[in-house]
Protein chains: 2
Amino acid sequence: MPIRLTRDSADFDQKFRQFLAAKREVSADVEAAARAIVDDVAKRGDAALIEATRKFDRLELDASSLRVTAAEIEAAVKACDAATLDALKFARDRIEAFHLKQLPQDQRFTDEAGVELGWRWSAIESAGLYVPGGTAAYPSSVLMNAIPARVAGVARLVMVVPAPDGKLNPLVLAAAQLGGVSEIYRVGGAQAVAALAHGTATIAPVVKIVGPGNAYVAAAKRLVFGKVGIDMIAGPSEVLVIADDSGNADWIAADLLAQAEHDASAQSILITDSRRLASDVARAVEGQLKTLPRAAIAGASWADFGAIIEVDHLDQAVPLADAIAAEHLEIMTADPDAFAAKVRNAGAIFLGAHTPEAIGDYVGGSNHVLPTARSARFSSGLGVLDFMKRTSLLKCGPDQLRALGPAAMTLGKAEGLDAHSRSVGIRLNLP
Amino acid sequence: MPIRLTRDSADFDQKFRQFLAAKREVSADVEAAARAIVDDVAKRGDAALIEATRKFDRLELDASSLRVTAAEIEAAVKACDAATLDALKFARDRIEAFHLKQLPQDQRFTDEAGVELGWRWSAIESAGLYVPGGTAAYPSSVLMNAIPARVAGVARLVMVVPAPDGKLNPLVLAAAQLGGVSEIYRVGGAQAVAALAHGTATIAPVVKIVGPGNAYVAAAKRLVFGKVGIDMIAGPSEVLVIADDSGNADWIAADLLAQAEHDASAQSILITDSRRLASDVARAVEGQLKTLPRAAIAGASWADFGAIIEVDHLDQAVPLADAIAAEHLEIMTADPDAFAAKVRNAGAIFLGAHTPEAIGDYVGGSNHVLPTARSARFSSGLGVLDFMKRTSLLKCGPDQLRALGPAAMTLGKAEGLDAHSRSVGIRLNLP
């Protein structure tokens with residue numbers, strides 16, 4: 001049974017803290033194993049990559065078969081259902097339109113002293129997209145990772161996806177083509193991350209790696225962070241629904257289960273000021289579970305990590321929502337915009353009863369790669385800026401150097417950095 | 001002697017690759033030691049923090065003396081030289097003015113289907129600033145870390161700075177006050193990072209940690225990444241000067257030495273198309289080294305990691321500059337703006353002969369916390385966005401859900417996520 005908390009109970013604070021602190025994932029300590037794989041690929045390149053693929057994916061490759069060919073991609077696209085391809089294209093166009101609005105502006109300005117200042121954004125040269133294999137191989141995630149990179153202007157977009165027993169998901173290849181991926185390699189795990197970071201004879205290195213993966217992939221990304229950029233360490237997904245008495249219990253239950261079906265570690269939470277709704281949703285979840293194909297997964301998630309929190313007044317939900325910092329926040333109240341304005345921490349907010357989170361997963365246009373595990377307190381969903389970097393610009397003439405130089409010299413000397421001071425003084429004939 | 005490379009020599013490519021790959025820092029494997037400290041502080045809080053401080057900083061503290069008091073800060077400010085304080089205030093004002101221009105705009109728009117989309121930026125709730133102790137305790141770095149956080153709107157700004165043998169740098173405390181730091185604790189090392197990330201009875205946790213530190217601090221930041229946000233793993237500093245024959249050899253030599261004096265692992269590089277200038281700069285560096293207080297450090301950096309690269313034509317310098325991806329790039333050519341436009345990878349660009357990098361270190365206004373060790377290929381200097389996060393917003397009404405819903409349902413089914421599909425279908429009376 002999911003946890004039921006009531007805001008006005010005496011032990012609420014303690015129980016809510018426990019709820020927040022509960023670990024939803026066994027943090028398998030795979031660091032040593034991941035490090036051995038990463039080091040091996042860094043040292044031996046393709047040979048190590050091919051060995052690891054034989055071992056973990058039961059797949060025999062050589063340097064010439066690492067890369068998925070154009071003919072294979074074309075064949076995969078042809079094998080896809082036409083309606084699904086159309087839906088992918090519809091999603092692609094909407095995601096692209098949304099992300100085009102994220103392109104940043106350069107800045108250049110001159111201050112009162114005549115100093116020219118500013119900055120300039122540019123795309124990173126290359127990016128690696130990790131795509132998990134097996135059941136978690138989602139074509140929608142390929143679009144969500146590839147399109148912001150393309151919109152940013154990344155010229156070389158390299159996808160890695162494991163092919164356990166040689167199998168690849170045709171829709172994933174189709175999504176890669178629609179998303180503008182430049183190269184695809186049929187490798188996965190820590191070995192694929194290592195190949196992207198260090199490069200091999202076959203796979204040229206990239207400068208940043210994005211995309212979700214299992215514990216080995218996450219550990220490998222943490223290890224190569226610094227040599228290359230990485231996006232984030234993704235955890236299990238979560239949704240928080242905040243609803244008042246107008247909420248439709250069946251709709252809310254469907255949304256909670258849509259989150260829960262991802263993974264037994266996923267989390268679905270309802271906060272409401274309506275005791276009636278709380279009970280109706282609990283009942284509706286049990287009812288809908290009966291006919292859900294992934295009932296085992298969704299049922300486990302709901303039983304182990306699900307929660308219904310009753311508050312006296314919805315204003316009490318605001319600090320709770322900020323503490324939870326949900327990846328997805330659905331607001332179904334009389335004035336969802338006004339309520340959303342009060343919440344600080346959330347990856348994405350879905351406003352009103354007609355915006356189920358699944359719309360954002362696929363076709364809304366905004367990115368579905370969002371901060372999990374309370375990290376919306378300090379990080380953002382994936383976007384165009386993740387594939388760009390900012391270079392600052394500074395320009396002084398002789399007059400500006402005269403105006404600013406003496407203070408710089410004073411600070412250089414105060415910090416014991418005389419050569420700093422001298423590099424200014426030598427231009428101004430100052431000691 | 002620094003390395004001398006000539007672009008048109010037969011083995012240039014190989015030598016340049018070796019030069020790029022050369023490690024400037026022994027990457028001490030302190031991960032296990034840092035992990036033990038972090039785990040201990042996470043478990044035992046203040047007691048572990050106080051023990052580690054006794055051991056590493058030779059300082060006896062209790063819970064009541066961890067925090068630097070307002071009276072201590074006032075006393076420190078009074079002890080500072082007035083001219084230096086004025087220079088710090090001048091720097092503060094300019095840094096603030098620059099960073100105010102980085103505040104991002106929220107977006108909200110309605111597409112042709114009537115879907116409301118957009119995003120909203122908000123400040124993170126709290127931030128921790130790590131400030132190194134000893135000789136690397138730079139008041140200018142306190143400003144560079146604190147001011148973007150304040151401009152972003154971070155309400156709680158917590159500084160940690162080790163006090164070896166009980167000593168704190170008064171200018172660092174003064175800079176903290178000028179920068180709007182809310183709390184200061186006299187702790188450092190991995191134990192301070194752990195306290196900021198996990199919280200103790202005395203130090204409430206923060207959601208993001210920024211600032212440079214030694215290998216233990218870097219390892220601890222890597223370990224707590226995910227639980228909290230971190231900025232970057234800082235490496236030794238570097239400058240690349242690109243100059244044509246008009247370059248002033250004495251000025252350039254002073255700039256190369258200003259970088260070299262930071263650290264024996266720092267790196268100073270000149271690329272020029274003028275053989276005359278290359279030789280003059282080499283000679284000027286040797287001359288200026290003779291009278292430099294930090295000659296031992298600067299001399300070691302220049303001898304071990306310094307480089308002068310001669311090219312036939314400055315256009316050849318562009319791909320070299322992109323490969324080096326210098327933290328600081330100074331351009332002293334006839335048209336520095338035009339040259340800068342060709343370079344993609346650099347943390348900050350200093351345009352023209354009258355913009356020595358030291359101006360940017362202190363009073364230019366732009367941030368001096370910049371990507372090192374070639375990470376300008378994929379990351380940016382510290383800025384206001386590092387202290388904010390973006391929440392995306394999506395709103396459909398019934399008509400919009402009808403327009404977008406079927407494609408979402410198709411994709412949900414294609415991914416085997418029937419509850420996703422059902423959460424849309426239940427609202428549209430679709431199966």
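Placement of Cβ uses the backbone N, Cα and C atoms for every residue, glycine included.
Given the structure is predicted, the values throughout are model-derived calculations rather than measurements.
Site annotation for substrate in TrEMBL covers B:Ser237, B:Gln259, B:His262, B:Asp361, B:Glu415, B:His420, and the matching candidate from B:His328, B:His354 is B:His328. For B:His262 (substrate binding site) paired with B:Glu327 (active site, proton acceptor), the C-alpha to C-alpha distance reads 14 Å. Proximity to chain A (Cβ-Cβ under 8 A) holds for B:Asp361, B:Glu415, B:His420 out of the binding-site residues B:Asn214, B:Asp361, B:Glu415, B:His420. Cα of B:Gln191 (NAD(+) binding site) to Cα of B:Asp361 (substrate binding site): a span of 29 Å. Following the DSSP three-state reduction, the secondary structure of B:Tyr130 (NAD(+) binding site) is strand.
Look at B:Asp361 (substrate binding site): DSSP puts it in a helix. The Cβ of B:Glu415 has fewer other Cβ atoms within 10 Å than any other of the recorded positions B:Glu327, B:Asp361, B:Glu415.
The binding-site residues shown are B:Tyr130, B:Ser237, B:His420; of these, the one with its CA atom nearest the CA of B:His328 (active site, proton acceptor) is B:Ser237. A Cα-Cα distance of 45 Å separates B:Tyr130 (NAD(+) binding site) from B:Glu415 (substrate binding site). Within 10 Å of the C-beta of B:Ser237 (substrate binding site) there are 27 other C-beta atoms, taking all protein chains into account. DSSP assigns B:Ser237 (substrate binding site) to coil in the three-state reduction, outside any helix or strand.
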